[in-house]
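I have placed the structure first, in the form of structure tokens, so that the comments after it can refer back to it.
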């Protein structure tokens, strides 16, 4: 696969390099073509001599076979290339790890199975114990996917050789024996190995340990297009990048003298993740000689082995019939209790990790990630990805990125809040309200409400000013820009992770079709335009019909949410007068606050109850659509759950923000619901305080409830399971798979609940942030806890989930973009309609003291009196005379048109509409410009990806050529230097 560096004589002559013939090897088995030249040019050294007869490796065949020696290549110390002959661009290819050049013959004796008879050239297998990179001084504490590590964890069959890749659990008392027997026979026919073992704590429980042999691994790895490493990476640099590299190196040396960042993890204790340092390609048994196979037991990672086994489990029949297939259906009908990959061992150790090192990857994750004491540390994303898979790794990467981006938003929001706090007593509006002891307000209800003075709402006016001050508009614009920057830079971060995790070439076309889809549409096939293979196909008419039914179900559930909100509104109208005549003086005095608080709590209970129903309905509607792949199923289900819960969570907030107190009429002519209940009015200080109360209570209670359900409930269940085991078996030693069985399974919907919780929080943080600037701070504090809570839950409380692959966060990114757009519109309406920002602005420049000329006085002087209209108390029929005031811009009783809207009302309305249009266009323009400036992929990464694609093609070409030359040489045919 890789070319001898001594076979580049013709290339050096073409390039004009002045090297003597003694520096080259004359005897060579292969002359490289021009296609191989780019990766053979070395910026460091060329070999001086090659020993063609040194035998470095011998086969590890069984005793019945004679050991076979093979010819390998040893590389001596190389000479430096003359600097004068350097080109503008060079390739820095690290050949210190020469495992690509080494050939080994034979079969690994650590694990042998009678069913394994490889049909490939075993002379291409290499050892990992020779030619290690001497520049890597970091101890490889966890390059431990070896059999010794696996044996120490107890995750082997009884013979001590076969590793356990998956666990099935069933009850002996189950009557589904025939289905299980057929299913297990078919699994063995597919090439899997099974071993049964009863549980220690419960005699009714039986475990089936599954091992997948090498041949079966190779077969399914080829079917699933699993990418495997085949050569160390070569990095392209030029003189500009070399100078930048020297500058970075000098800067790094300077930074080494400074105190270390306490948030950075100590990477010396983490495993050396070498997979990212190799080129990868889709695995093929016909081209197995291309790949770097140090040890066939560790060639496929634990995650890859688990994915392959799960693929087989999902497509194995248990009865005659097309739809009688898959482990999921067997679990649903009770034939099996569970199916899961085992954890690598215990997450705790009696020996400290600093002195004895980690026992396994799970132990390392707990000590360096899941412990609450690590809350301020960065996350070990590479290790998370290795243990839990790319999909979960991307979730934690996104969650960490979101949490980090909340820091500037929280700081700015806190500054806006403190600005309002420090200027509260100097606010002209608050001062006028607190001093208005002679202003009588009209009663806010018909029966039990008494007349109140305006200064009774002094506290509410000051609290309202905390959230409705001069910094509100600035903060709303800032958060709209922040949302765009967050999403754009996440795309860059995602591109870096997908490159590092070898997900660039992984596309959804490599996803397999869901078994349910295959069983439903197996009679309707069409040729896949990508693969050219026939596959089940869903007719367009059938798809449209199912989508229409699903959409109808969505609208029905949304209408149910609106009905629930309407019920809460009716409740507020009914209890409003009851609280106004309550016996307790505090509630009677603050009856509006009591009404709002009770309504919020009842609304929260309804939200939590409806969420349970929504999940079941969304699950049924998604299955009714029969999505083709798992990602399509997850995206469809996630969209429904988001729509349901978003409307459920925010409908009451939208009502308070845009409808509360807008259509009440005026004293003497109030609008009534069903001609019985008078519509609720805003407080004399405005409706913004009600909006803040609704948001803060729902956000706070929902986060507490979610954290309890995510961690508290599994903790209680797992504690009870351990208690029962200890009570029944005092001295029994529980194996790892049984400990895993006693843990809680991961949510059936995977990461959907985790993403949904954070996306809804993102909506709270951005959509109504103009009314509640402390939302980013609450979100930041919650997410700091959420990261460690989720980490603790995944490592200690849940069974190990299936390590799934993904290239992004799926449909959630589109939802986040939609929320960002909605946030701009909503904040514009909140500032223009809910807050008093526009009425104050119109008064300041049109009706206030500064309207005609600029004077050295407060331009808002007299604003409160101007914003209150007069009403004749004698018209209310309560036996009182005089005038009361109410919030509106209507003519006084003595005007020619009493109680009609004044000209100032229409000026304010026009200003509100103009502000909405200007604000939206300005913010959307800024968002679009920022999105245009920030590329999705960093330029250096883009160039590297293109370069590597080119080099991979060249290396695959040359590897095939070299393999063909070797085959001809073995068969005695003439050897050509190029393709025949």
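Here, residue 1 is simply the first one shown, and the rest follow in order.
Placed from the backbone N, Cα and C atoms, the Cβ positions cover glycine too.
Annotation source TrEMBL lists compositional bias 'Polar residues' at 1-21. Among the features that TrEMBL reports, domain 'Anoctamin dimerisation' is placed at 157-381. Sequence annotations record features per position, and here TrEMBL assigns domain 'Anoctamin transmembrane' to 384-948. Look at TrEMBL and you will find 1-31 tagged as region 'Disordered'. What TrEMBL lists as transmembrane segment is 395-422, 472-490, 547-571, 591-614, 642-664, 759-781, 809-833, 905-924.
Counting Cβ pairs closer than 8 Å and at least 6 residues apart in sequence, the transmembrane segment (905-924) and the transmembrane segment (472-490) reach three or more and so form a contact. Of the two recorded stretches, the transmembrane segment (472-490) lies close to the transmembrane segment (809-833), with three or more CB pairs under 8 Å once pairs fewer than 6 apart in sequence are set aside.
Regional average pLDDT for the domain 'Anoctamin dimerisation' (157-381) in the model is 82. Taking Cβ pairs closer than 8 Å, the transmembrane segment (547-571) reaches residues 599, 602-603, 606, 610, 613-614, 617, 620-622, 624-625, 640, 643-644, 647-648, 651-652, 655, 673, 677, 680 in its own chain, all 6 or more past its ends. Sequence-distant contacts of the transmembrane segment (395-422) (same chain, six or more residues past either end, CB-CB distance under 8 Å): 378-379, 381, 384, 465-472, 474-475, 478-479, 482, 485-486, 489-490, 493-494, 497, 751, 754-755, 758, 762, 765, 769, 773-777, 779-780, 783-784, 786-787, 790-791, 809. Tertiary proximity for the transmembrane segment (642-664) is limited to same-chain residues at least six positions away from its ends with a CB under 8 Å from its CB atoms, namely 554, 557-558, 561-562, 564-565, 568-569, 599-600, 603, 607, 610-611, 614, 617-618, 670-671, 678-682, 687, 690-691, 694-695, 698, 702, 756, 759-760, 763, 767-768, 771, 815, 826, 829-830, 833-834.
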